[in-house]
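Q: Let me give you the structure first, and then I'll get to my questions.
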């Protein structure tokens, strides 16, 4: 799916759940959800996030950038800070560099647990716990949404490389896929126009 569709699905699902559970809808929580909705595609050189980071949108640039970033973070942390969080962050940056889109870490339950744990650790450490659940929802909804595409995802990676998908799937970029994604976005816009003002009022 496209980045904007993933973002819409993650945020919409989080907003809906906030009406039925004690789920904080602060600006920070929504931003965390939005970022997590896009995060699994960070291993793709042309993903929404990498469009603004990478100077050249190809696999070699993506691999070089994230491995270099991981090494730089590790070295700076070793010489000046020695924070466990930065050590973990550098490790994941290197993993992203080596990861191939939809064939590795970021599109698996193992990756979900790793990234949520890393974010959760930072959230507890720096005092934004209310963002943990929205972040988790954004990430897991990305994985579920991609299971409705014809390529599927390696949800059990690294234990199994087999790609899993739902009984009903569609090809991204096909006429059916475009209709489905457009319908999702339209539904989100209608829902937000209808319910979000009420939700915000309830939080005041």
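Heads up, the Cβ atoms here are built off N, Cα and C, so glycines get one too.
Here's the feature list from TrEMBL:
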type	residues	note
TRANSMEM	60-77	transmembrane segment
TRANSMEM	108-126	transmembrane segment
TRANSMEM	132-154	transmembrane segment
TRANSMEM	175-194	transmembrane segment
Q: If we skip the immediate neighbours and take only residues 6+ beyond the ends of the transmembrane segment (108-126), which ones have a Cβ under 8 Å from one of its Cβ atoms?
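A: Those are 32, 36, 39-40, 85, 88-89, 92, 132, 135-136, 139-140, 143, 153-159, in sequence order.
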Q: Do any residues, 6 or more residues outside the transmembrane segment (175-194), come within under 8 Å Cβ-to-Cβ of it, and if so which ones?
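A: Those are 1-2, 4-5, 8-9, 11-12, 15-16, 149, in sequence order.
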Q: Looking only at residues six or more beyond either end of the transmembrane segment (60-77), which have a C-beta under 8 A from one in the stretch?
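A: For the transmembrane segment (60-77), the sequence-distant neighbours (Cβ-Cβ under 8 Å, at least 6 residues beyond its ends) are 43-45, 50, 53-54, 83, 86-87, 89-94, 96-98.
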Q: Apart from its near flanks, which chain residues at least 6 from the ends of the transmembrane segment (132-154) lie with a Cβ under 8 angstroms of it?
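A: Sequence-distant neighbours of the transmembrane segment (132-154): 1, 5-6, 9-11, 13-14, 17, 23-25, 29-30, 32-41, 102-104, 107-109, 112, 115-116, 119-120, 123-124, 160-166, 168-172, 177.
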